[in-house]
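Each remark here refers to the structure printed beneath this line.
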Ligand SMILES: Nc1ncnc2c1ncn2[C@@H]1O[C@H](COP(=O)(O)OP(=O)(O)OP(=O)(O)O)[C@@H](O)[C@H]1O
């Protein structure tokens, strides 16, 4: 089977509208040489993925256009099918958004019921084989007069806050009856109005989202029925109805702008221009499958609208998308919050002093005087970490909670203080993950209990295509032979504890796998060995530097990132190495090493840092960072290459400038 194109555009001609009286020849011609993909309107030739004449039935259209999208949705991709066009051209009919009681014959069933039948059939078959629980549920919202309404909710005529549209009512779907009920309820609440051109014209944009959720993925299939794109003049409306038309056109215009911006490869996409694009923001991204169904009229009187619809389809053809499977949901709050603790605990001087005195880490009650510096640190930490407002609130609450246990076995918050408590049973297991230096190097002189880090254990298997994010966090107590004070002299302890070295120090890192933080583990999926890293300025530099090999102890000045860049971009002679077992040449080894270092750099660098790489400007740097923050680290350079940010031969120039090719 051919690879499914990420963007597909189809055109469907509507049948004649009876009430227009005299039957004239259609303005749309389907030339026999067009192979079902071309059409001619007034001597303008258009080419799309499919061109359906009015004689094509619902099942034929569904099989050719939507079924491949359903397959992709079941594989975990974000998919959207979007019908647009002039009023009365069959958008609701095609998408299956008409109320079920108006469908007289089964062959008139539209996309929605057919999609659901296929999804349920496949999900049931999959569950029989794999016994993996898969849930299917759906939501139905409409956007009317620039406000979003939850049509399945208890108050379908009360507008929702746009930013919370994703929290709309979702009903479980397990049979066609469930869908019938959902459509009955949803379409019954939808606004329709009689216009000059359609006796029951939808005056709102409707979005039905079918969610297919399993343990490892959460795919969404959006079926979007846009309101008719007609001139306000032609509907013959005044007052409220006229305002409706204006808002409908605003939504359609903003969809146009979003698609154009994506097609032009812009980094800033104007999603916020309208409620419609804000709600569809997650689906209209370069990582999803998009299918447009342009519905056109055969009538000459609609010619200008028909041409406008076809021109929009032509411009959407320029979209270059790179769909990616949706892995698990974003990192949970519980996973992120303890980072706040870690940073606060490790960077508050008051706490460190106390830790040194008492051989334990104790966060004072936030209401006490001692906690004031902590509050400032926490404030700073939160903004540094870029947590969402919700996560920030949660972090604040956790610090203020009394008599609360975050995770029974890890963090206990007592009346007057928050103590990090570890458990011996986990220690051995975690040492393998994150061995504290000093353990095993001779006899411990004294054992000090020091909470040194937070280790994370992935709960679920990662999907093959995307690295996933760990879901549980344990704060652990390691017994080390190093007192908390002596943490300052060992870089790995600094890294593990999160304490940032402030002065120039000569640091020797023992050769061992670096499992420092979740982000590093995600970025470095392969084992690395480290020699001695240069002097570090802060934790971030320590992590960046730790991914490079150095032969001996060196003291390096505070040049931060420029050094790292130099290291990577410099054309060096391939280092002399012992011949590897599979007889790869030293040049190949060097190239692989260089590429992996470069990938690390792309995965960790900030916008400012990435701009320093030859061939990366501010826009490209911003896109890379945005991509990373939305979809996680790049797994290989091919993923970077596939991004739509390398026009012409710019990737070749870029890779040559950075020695990624020999
Ligand atoms: N291909 C078709 N075959 C049979 N009937 C069709 C077809 N396309 C549209 N119709 C009929 O045309 C009428 C108008 O269609 P529909 O309401 O789907 O248009 P629309 O584009 O959604 O209009 P609006 O934007 O005003 O909501 C309906 O009665 C529908 O049954």
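Glycine too: its Cβ is placed from the backbone N, Cα and C atoms.
What TrEMBL annotates here:
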BINDING   85, 86, 87, 88, 89, 90, 91, 92  ATP binding site
DOMAIN    6-319  domain 'Kinesin motor'
### Proximal but sequence-remote residues of the same chain as residue 89 (ATP binding site) (Cβ under 8 Å, at least 6 apart)
12, 14, 228, 295, 296, 297
### Summary
In the three-state DSSP scheme, residue 85 (ATP binding site) belongs to strand
### Listed binding-site residues adjacent to ligand 1, that is, members of 86, 89, 90 whose C-beta is under 6 A away
89, 90
### Query
Where does residue 90 (ATP binding site) sit in DSSP terms: helix, strand, or coil?
coil
#### Entry: All-chain count of other Cβ atoms within 10 Å of residue 86 (ATP binding site)
26
### Task
Output the one of 85, 88, 90 that, of all these binding-site residues, has the highest number of other Cβ atoms within 10 Å of its Cβ.
85
### Query
Near residue 92 (ATP binding site), which residues of its chain come within a Cβ-Cβ distance under 8 Å, counting only those 6 or more away in sequence?
83, 98, 110, 202, 206, 225
### Query
Taking every residue in the domain 'Kinesin motor' (6-319), what is their average pLDDT?
83
